[in-house]
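See structure below.
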Amino acid sequence: MSMRTEYCGLVTEHLLGQTVSLCGWVHRRRDHGGVIFIDLRDREGLVQVVCDPDRAEMFAAAEGVRNEFCIQVKGLVRGRPEGTINAGLKSGRIEVLCHELNVLNASVTPPFQLDDDNLSETTRLTHRVLDLRRPQMQHNLRLRYRVAIEARKYLDEQGFIDIETPMLTKSTPEGARDYLVPSRVNAGQFFALPQSPQLFKQLLMVANFDRYYQITKCFRDEDLRADRQPEFTQIDCETSFLGEQEIRDLFEDMIRHIFKTTIDVELDATFPVMPYSEAMARFGSDKPDLRVKLEFTELTDAMKDVDFKVFSTPANTKDGRVAALRVPKGGELTRGDIDGYTEFVRIYGAKGLAWIKVNERAKGRDGLQSPIVKNLHDASIAAILERTGAQDGDIIFFAADRAKVVNDSLGALRLKIGHSEFGKANGLVEAGWKPLWVVDFPMFEYDDEEARYVAAHHPFTSPKDEHLEYLETDPGRCLAKAYDMVLNGWEIGGGSVRIHREEVQSKVFRALKIGPEEAQAKFGFLLDALQYGAPPHGGIAFGLDRIVTMMAGADSIRDVIAFPKTQRAQCLLTQAPSPVDERQLRELHIRLRQPEQPKA
């Protein structure tokens, strides 16, 4: 008989009366009046093994096993006695009567029980191998595998070719920091780990491969958040001779296919499309969570002439904004709730949180409860009530500051209230999946510190055809042929139509204050390639980690990556990064300089 004939979790009634050989880990061992029960676990689940003292040698071995011992069991599949069936297990109607038990490897006492749901992330990542044995982690990584498989199936059917691009490449710092790799044979020179395969996939389009994809690692040396890692995985795609709409349609179908085949979710037949400007105006975010039924009301123009300086000053400032957020039935929020929200928005730079409770709208000013009503004229109050559509029992929150502060703070408040218990109880948030495309992004953003425009996405994104003239006259007006796929408030994919003409790419570099010499030094290989009849092309990259995180309902992408880094970009399992031997540094022609200590 083979060492293993079946997986534990797949032993069901179809094997009744058969002898099986199972291998796995002791999940639990229970001694019930001389009979030992072992819950044996492998990647497919659990099966109950019964060890009877009639077989002395086997029973002696069973007495010695403990949690996480790796064992082999041979025995007879039989039905469980009446009253002992476990409907929660696939194997819950049967058990295996053990004939032979072999300890393949003993285990020291584990630092935690695998079913302990209150472990710190530090403990889990330090003992990641054990953590990965937990059923939820097994589920997450198998889900990740299925998502990757379905992406490959779809792309293969659509004529895409899987082509690997280099991991050691040229540093072109335009955005996040590169991870640098010193070259031993080229002293003083460095490779960079790719932030994306962007330029190589464009070169593949010039090289006539027409449709490319790869599921690949990317690297960015940036501060980490719950949805970021220094190394992450993209489903990276590029195609020639398709316009923006055709590209969006192609990859919208791919995401629908992946969700249907992996978690049996039917996404919308057509994803709504929203311009960036509309998303910012209505939700304060370029990745709006459409499950939350709250929207901003624009008040900037209506607050220009009020005496209340908190509103009028930003309303008359070039980059200022005044916006309101009406919360239906929010009148029941307590002062403690409001104070909590006030402290919350301070995280995003807001100086405070103005509010008005609408008790009886028909009474005008007298029907309102608020510390700011006394500072507003009747006409201003009427404008607020009219524009927000406030009803009796509502509360209106206000943000007035620089547009970025207003968008960030009121946008975060919108999500916090919507997803709160109050929001759920009052129908302010829907369940399910709400995808959309956000399009028509600004081509450039102005960097005050550098006193120049920087690329909002990357400098290889094509401007909209009607905005080409702005590249040289007014770059700030230029919109890009860029598009992001957003799902439940997460950007799961982003892409664009690329620049395929060398003269347009050179104009973009000039708008970014990248001179001809610098452009040639950093991107000469791309500019040269574009001169050889480069086709119109575009593409998209999806964050595999993010997609799987959402599907799994996980709190962090670290829960869907086998061996992730912490928020300090460290691996607690291997203790990477770590010091290296002085000899290695000498071979690389590198001398370390100790970081300067902050002055007391």
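Glycine residues also receive a Cβ, built from the backbone N, Cα and C atoms like all the rest.
HIS32 (site 'Important for tRNA non-discrimination') falls within a strand segment according to DSSP. When Cβ atoms from all protein chains are considered, those within 10 Å of HIS32 (site 'Important for tRNA non-discrimination') total 8, not counting its own. As annotated by Swiss-Prot, site 'Important for tRNA non-discrimination' applies to HIS32 (among others).
Sequence-distant neighbours of GLY83 (site 'Important for tRNA non-discrimination'): no residue of the same chain at least 6 apart has a C-beta under 8 Å from its C-beta. Positions annotated as site 'Important for tRNA non-discrimination' by Swiss-Prot, on the basis of sequence analysis: GLY83 (among others).
The annotation L-aspartate binding site is assigned in Swiss-Prot to GLU174, ARG220, HIS457, ARG498 on the grounds of sequence analysis. In the three-state DSSP assignment, the secondary structure recorded for HIS457 (L-aspartate binding site) is coil. Around HIS457 (L-aspartate binding site), the C-beta neighbours below 8 angstroms that are at least 6 residues distant in the chain are PHE441, ALA480, ALA482, GLY494, SER496.
Taken from Swiss-Prot, the feature region 'Aspartate' applies to 198-201. Helix, strand and coil content of the region 'Aspartate' (198-201), in residues and according to DSSP, is 4 helix, 0 strand, 0 coil.
Following the DSSP three-state reduction, the secondary structure of GLU222 (ATP binding site) is coil. Every protein chain considered, the tally of other Cβ atoms within 10 Å of the Cβ of GLU222 (ATP binding site) stands at 14. Swiss-Prot lists ARG220, ASP221, GLU222, GLN229, GLU491, GLY543, LEU544, ASP545, ARG546 with the feature ATP binding site, giving sequence analysis as the kind of evidence.
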Extent of the ATP binding site in Å [max Cα distance among ARG220, ASP221, GLU222, GLN229, GLU491, GLY543, LEU544, ASP545, ARG546]: 20
Nearest-integer angstrom distance between the alpha carbons (Cα) of ARG546 (ATP binding site) and ARG220 (L-aspartate binding site): 16
Of the recorded positions listed as HIS32, ARG220, ARG498, the one whose CA lies nearest the CA of LEU544 (ATP binding site): ARG220
Cβ-Cβ under 8 Å with the region 'Aspartate' (198-201): same-chain residues at least 6 beyond its ends: 165-166, 169, 172, 212, 236-238, 458, 460, 523, 525-526, 539
Other C-beta atoms that fall within 10 angstroms of the C-beta of ARG220 (L-aspartate binding site): 20
Set of same-chain residues at least 6 away whose C-beta sits under 8 angstroms from GLU491 (ATP binding site): ASP286, LYS287, ASP484, MET485, GLY543, ARG546
Assigned conformation of ARG546 (ATP binding site) - DSSP reduced to three states: helix
Same-chain residues at least 6 apart in sequence whose Cβ lies under 8 Å from ARG498 (L-aspartate binding site): GLN202, MET205, PHE460, THR461, SER462, HIS537, GLY538, GLY539
